[in-house]
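Record features, source TrEMBL:
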TRANSMEM  B:20-36  transmembrane segment
TRANSMEM  B:42-61  transmembrane segment
TRANSMEM  B:68-91  transmembrane segment
TRANSMEM  B:103-121  transmembrane segment
TRANSMEM  B:133-149  transmembrane segment
TRANSMEM  B:175-193  transmembrane segment
TRANSMEM  B:261-282  transmembrane segment
TRANSMEM  B:314-336  transmembrane segment
TRANSMEM  B:348-376  transmembrane segment
Amino acid sequence: MDELIFFINRVLISGTVLGSIYALGAIGVTLIFGILRFAHFAHGDMMTMGAFIAFVLATALAAMGVVLPLPLGFIVLPVAMVITAVIALGIDKGFYAPLRARGAKPVTLLIASIGVTLMIQGLVRLIFGSGTQSIYVGQPKEIFRLDMSWAGGSRPISITEPQLLMFIVTALLVVALHLFLTRSRLGKAMRAMADNAALAQVSGINTALVVRVTWVIAGSLACVAGTMLALDVALMPDLAFNIVLPIFAAAIVGGLGHAYGAIVGGFLIAFAETLAVFNWTAVLRPLNGVLPEAMQLPANLALVPTEYKLTVAFVILVITLLVRPTGIFKGAST
Amino acid sequence: MSAASPNTRAGWDSPLRRGLMLFAAMFLIVVAVGVIQGTASMLLILVQATGFALIALGLNIQWGYGGLFNFAIMGFLMVGGASTVFLSYPVNMDFWNSDGPMLLGRALIAFLVGLGLVMAVRQSHRIGITGTLKTVLVVLAWFAAYVLYRSRINPAAAYIEDTAGFVGGLGLHPVLGWLFGGLVSAVIAFFIGKISLGLRTDYLAIATIGISEILRALIKNMDWLTRGTMTVSPMPWPTPLPQALQANGMAIADSFVAARVMFLVLAVIVLVVAFVLVQRAYGGPWGRMMRAIRDNHISAASMGKDVTGRQLELFVFGSILMGIGGAILATFTQIFDPSGYQPINHTFMIWVMVIVGGAGNNWGVVLGAFLIYIVWVVSDPLAQLIFLNLSALTEQIGWGAIPEIDSRALQMRVFVLGVVITVALRFAPKGLIPEVVHRTN
């Protein structure tokens, strides 16, 4: 029983946490690619920026003496989402729209997005320093422990408060996005434009509006993902820059331009990473009693050493690009 | 391109005059840096800028000549650095006298056996195994090869790290190490290019970033080969070190200047040789063919050009220069520190150099490399100055001093780099010295 609990704690919970973050980021990347046809590299830093906006707001609330049962960083999330979305619109207006108007190639936009990455990263570190901040302003991180002694387990299943919140929020956002894309007029227009931009424009769809909505969705989801990551781990300036590549891997594995694919890809990459570094001996130890002396399991039976955890995502990315570049859901290939 | 021939363009529009003016301006900036920061630190900047110019030339071959997207520059710089460590670092007798070489030999045999197994299974269609069954078998073969190799290399690595620290070097001349860096980069670039060059530009960009991160993870964690995060230092110089000159009775300040001048001369010789070769290749039939492929690969293919084969050539040639450049930089700083390599400093900065200088024009790229490197280095003290003044201001109005000015000012250069690239893309997308397109009607 303990082995199963260990597995749940180490693989199921942490894989789902990571998967939620990857999925939220990858949806933004994939939507921007579907509508604007370029790989938006600055998405990771938009996540970091969103997290820092939430941090500032939470600090301000704490300074006003507000005390609530939930983490303040979570309470301020809607406001932070709006601010991040507005900044995302501003970035598009200032840096990408002029290039698009000139008819620049997607590659030029990709390079421009790297410029934006550098600017955001430089600014965030300039303002907040390069050290680690805590987004828990004057609150401890609560840990829920599910007692498993009724099932014969000696250790509890533990899950932290932000992790639980993250599951709920991700599920809500995904359902909301699904309803938006399939039920609303604007969502349908978005899918039409992702499918064929020229045809969408001819049939009277306001493409400028669709572009703006895309940035609003991508920006606010990036803010949620960044804040959740900061609540779960810690708030650092290079928080999301390190995970922008796994996010791209998730978006590509799911098929670029395909919102549901991005969600599946996010969880796929996250579980692949978690399972690859998982020490299987911890689960298979009972077998040692059955196996003969010569075949005893070694102390560490992980597929790859822990320091190569992120490499797993890149290997999956490269293999996907080589074997099936359109991803599992046949995303946009042009 | 405008219809006028280059000769009739006047003033700023004449590429030659423009280039001369810009190079003169850069010379003045270098002199100004020398006056303000001292000759020794100016030489330090110049040597490193020369190394970066070589790397930027490599990217220019790939992106400027052939339109190939390579975001794996950091990986190649690390490969170059690690290769020169292996060739030029003094011999580690602890390793050679231990069982290490034998264990490594076994790991190599395991690697080759695994490779042979995969190759054999890939040919299984010859005996009638096809379709899903073959795919499953190939995947199983990869897995078996991986497990076999891991089971041999893990004990070898642990043993070497315990007894000898790391493999050490071969104690050869550093210039040989640079060439070796180029060679190893070429081999790695060949395989990377082979598997990924068929991809579309933006997919290629993401794939190469991924590959560069894989290379970094490997070099950082293969402690037995590269010493990983424990860093290797001091690396020998091809020219006399300042310490050696001091031993011969030279004053400390003079010894640094003299040693760096000698190193600079050597680095500039390498750069000039590479420049001449690259420039001649541009004008020749080979360069013309590459531009034809870049501008319209479909029509080039229909003329009978082997597009993927030629692009592989470009990728390998460019990576050789990157490997050599990375080796020169590692030798000059005398320390190989895998954690010191960052995508911002070692991939994106090179891109900024090429785009700001003018992709496709070697003069422009060299200018861009020197200019951007100087901007990168100088924006740190400039930002400190601004911050110190601001801090004095905030103290005056009672907000207190700005904390951690040093580490914050260091980040200013990242911001400046971002501003430079976005401004360049918007207002001078062809660069400071654009590629000259000759039209003969």
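Keep in mind that glycine also has a Cβ here, set from the backbone N, Cα and C atoms.
Heads up, TrEMBL stuff is auto-annotated, nobody curated it.
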Taking pairs 6 or more apart in sequence, does the count of Cβ pairs under 8 Å between the transmembrane segment (B:68-91) and the transmembrane segment (B:261-282) hit 3 or more? no
For the transmembrane segment (B:348-376), what are the same-chain contacts with Cβ under 8 Å, counting residues 6+ beyond its ends? 19, 22-23, 26, 29-30, 33, 45, 48-49, 52-53, 55-57, 59-60, 63-65, 71, 73, 271, 275, 278-279, 282, 291, 413, 416-417, 420-421, 424-425, 428, 430-436
Close approaches to the transmembrane segment (B:103-121) from elsewhere in its chain (Cβ under 8 angstroms; 6 or more beyond its ends): 134, 137-138, 140-142, 144-146, 148-149, 151-153, 155-156, 159-160, 167
Under 8 Å Cβ-Cβ from the transmembrane segment (B:42-61), and at least six residues away from its ends along the same chain, one finds 30, 33-34, 70, 73, 76-77, 256-257, 260-261, 263-264, 267-268, 270-271, 274-275, 278, 314, 317-322, 324-326, 328-329, 332, 349-351, 353-354, 357, 359-360, 362, 365-366, 368-370, 373-374, 377
For the transmembrane segment (B:314-336), find every same-chain residue at least 6 residues outside the stretch whose CB is under 8 Å from a CB in it, and list them. 47-48, 50-52, 54-55, 57-62, 65-66, 68, 70, 73, 76-85, 88, 174, 177-186, 188-190, 192-193, 197, 226-227, 231-238, 263, 267, 270, 274, 278, 290
